[in-house]
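Novice: Take a look at the following structure, please.
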Amino acid sequence: MATPLRYALIFLLWAMVAVIYAPLIPAALTLISPALSLTHWQALFADPQLPQALLATLVSTTIAAVGALLIALLVIVALWPGPKWQRMCARLPWLLAIPHVAFATSALLLFADGGLLYDYFPYFTPPMDRFGIGLGLTLAVKESAFLLWILAAVLSEKWLLQQVIVLDSLGYSRWQCLNWLLLPSVAPALAMAMLAIVAWSLSVVDVAIILGPGNPPTLAVISWQWLTQGDIDQQTKGALASLLLMLLLAAYVLLSYLLWRSWRRTIPRVDGVRKPATPLLPGNTLAIFLPLTGVLCVVLLAILADQSTINSEALINSLTMGLVATFIALLLLLLWLEWGPQRRQLWLWLPILLPALPLVAGQYTLALWLKLDGSWTAVVWGHLLWVMPWMLFILQPAWQRIDSRLILIAQTLGWSRAKIFFYVKCPLMLRPVLIAFAVGFAVGIAQYMPTLWLGAGRFPTLTTEAVALSSGGSNGILAAQALWQLLLPLIIFALTALVAKWVGYVRQGLR
């Protein structure tokens, strides 16, 4: 590629990425400006809803984070390494593909008044669950699958497998292996995953509306309600509540770091003292239960759904917005990985490491300033801020694993950088690209706040309809919306899996 053309491409690439990440700036300004006034803080803390909302947020977030971690560790201790672990990992995409709103809707239909399990667990219904315990438990089950998916990549390292086999052969229990080897080895990946889980659990609005306490709601929901009001004082309280969510995230990070440091001091040396093996029944049970929750979710929604009431406009909007946002993100990320900077890319991960509410507020501020609110383009642009980092999460490790010797051989043959990109790197990246496309579509179709705010309510999607119907109405209509919100990502996952299998069959002669 000629040098002027390459520079033009790099400039265009930076400009497009900057447009997507530009809301980070107004988001910061929205939070900083009211935070400088003591009067605004006094008005926030004087609100009678704040203490209970804060307590419900802390309880639900703690249950979600700690519960997801415990479930993941129990499953790892019970199954890894071995064929059962491989089978469980193969079934995880069935749960990962289910959007949070669809999963929460199925839980609501089970535990709400009149649900199948209402008589057995009445306390977990939203009207009675003032502390968000049901919300936290639902998020713990859903996020444990994500945590297992992240850790599965780290646990596949050959040296880690060899060391676990050695400890097992020497008679050390599985919990000793977990404490002495696994946790220190997976700590970096585990820390980033837990940060994403805590940030999302703190700021989740759609799932909290469906399953969380109603009066007062969680801090994220009450902040969202204040931000959407026309009164400037209420908007200021909403901005400060969003800042309070970020302060809570920082407190969780600090507490987790201190607990980690304290735990590290308790790790003894491998001194030959064995401990008796502990029963692995809880981990085995959870390993069976996790994939089944996805199947049960589909079955329950399919039984209750009234297909004659499906909103075709919401279905078309969800499909087109998800596909367009995913295609744009995929094209930008492939070009970014090739011609973008190789270092200092931490800012790309900020949308999944920070609470979503202030970021959406920044998007809305920018859209109002540019007079783009209420447009289809603005909604797709809003989705990209979350679709891109999740797809990058899949693509970047695979890109870094490309064998540099292949690139060197192509360069010795006189191939240009563009030719190497299209004929060497892109074919090698086909399977990760398909996985990233499926994940990106699932993330895009699940967006609630960007769709509602940037679209000004003009573009209904399956997610916005399901959240609206969860407050009251026909269970059949609610189940139908949630079922199609669940089926679309599953169809995309299935299609990408079939394409990957077909490509593997076609390329088997190259092995």
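Quick reminder: no glycine exception, Cβ is built from N, Cα and C everywhere.
Annotations per Swiss-Prot:
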- 54-255: domain 'ABC transmembrane type-1 1' (DOMAIN)
- 315-496: domain 'ABC transmembrane type-1 2' (DOMAIN)
- 1-8: topological domain 'Cytoplasmic' (TOPO_DOM)
- 30-62: topological domain 'Periplasmic' (TOPO_DOM)
- 84-91: topological domain 'Cytoplasmic' (TOPO_DOM)
- 152-189: topological domain 'Cytoplasmic' (TOPO_DOM)
- 211-239: topological domain 'Periplasmic' (TOPO_DOM)
- 261-284: topological domain 'Cytoplasmic' (TOPO_DOM)
- 306-318: topological domain 'Periplasmic' (TOPO_DOM)
- 340-345: topological domain 'Cytoplasmic' (TOPO_DOM)
- 367-374: topological domain 'Periplasmic' (TOPO_DOM)
- 396-432: topological domain 'Cytoplasmic' (TOPO_DOM)
- 454-485: topological domain 'Periplasmic' (TOPO_DOM)
- 507-511: topological domain 'Cytoplasmic' (TOPO_DOM)
- 9-29: transmembrane segment (TRANSMEM)
- 63-83: transmembrane segment (TRANSMEM)
- 92-112: transmembrane segment (TRANSMEM)
- 131-151: transmembrane segment (TRANSMEM)
- 190-210: transmembrane segment (TRANSMEM)
- 240-260: transmembrane segment (TRANSMEM)
- 285-305: transmembrane segment (TRANSMEM)
- 319-339: transmembrane segment (TRANSMEM)
- 346-366: transmembrane segment (TRANSMEM)
- 375-395: transmembrane segment (TRANSMEM)
- 433-453: transmembrane segment (TRANSMEM)
- 486-506: transmembrane segment (TRANSMEM)
Novice: Look over the recorded stretches 190-210, 319-339, 346-366 and say which has the most C-beta pairs under 8 A to the transmembrane segment (375-395).
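Specialist: It is 319-339, which has the most Cβ pairs under 8 Å.
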Novice: Is it the case that the transmembrane segment (319-339) and the transmembrane segment (9-29) touch, counting contact as three or more CB pairs under 8 Å in which the residues of each pair are 6 or more positions apart?
Specialist: yes
Novice: Taking all residues of the topological domain 'Periplasmic' (30-62) together, what is their mean pLDDT?
Specialist: 88
Novice: When each of 285-305, 346-366, 433-453 is checked against the transmembrane segment (9-29) for Cβ pairs under 8 Å, which one has the most?
Specialist: 346-366
Novice: On the DSSP side of things, how many residues of the topological domain 'Periplasmic' (454-485) fall into helix, strand and coil, could you say?
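Specialist: Across the topological domain 'Periplasmic' (454-485), DSSP assigns the residues as follows: 20 helix, 0 strand, 12 coil.
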Novice: Output the single range from 63-83, 92-112, 131-151, 190-210 maximising the number of Cβ pairs under 8 Å to the transmembrane segment (433-453).
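Specialist: The stretch I would name here is 92-112.
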Novice: Under 8 Å between C-beta atoms and at least six residues away from its ends: which parts of the chain pack against the topological domain 'Periplasmic' (30-62)?
Specialist: 130-133, 135-136, 139, 198, 201-202, 208, 212-213, 216-222, 233, 236-237, 239-246, 248, 252, 358, 361-362, 365
Novice: Using a threshold of three or more Cβ pairs below 8 Å, and leaving out pairs closer than 6 in sequence, do the transmembrane segment (346-366) and the transmembrane segment (190-210) count as in contact?
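Specialist: Contact between the transmembrane segment (346-366) and the transmembrane segment (190-210): present, because at least 3 Cβ pairs are under 8 Å.
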Novice: By DSSP, how many residues in the topological domain 'Periplasmic' (211-239) are helix, how many strand, and how many coil?
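Specialist: Secondary-structure breakdown of the topological domain 'Periplasmic' (211-239): 18 helix, 0 strand, 11 coil.
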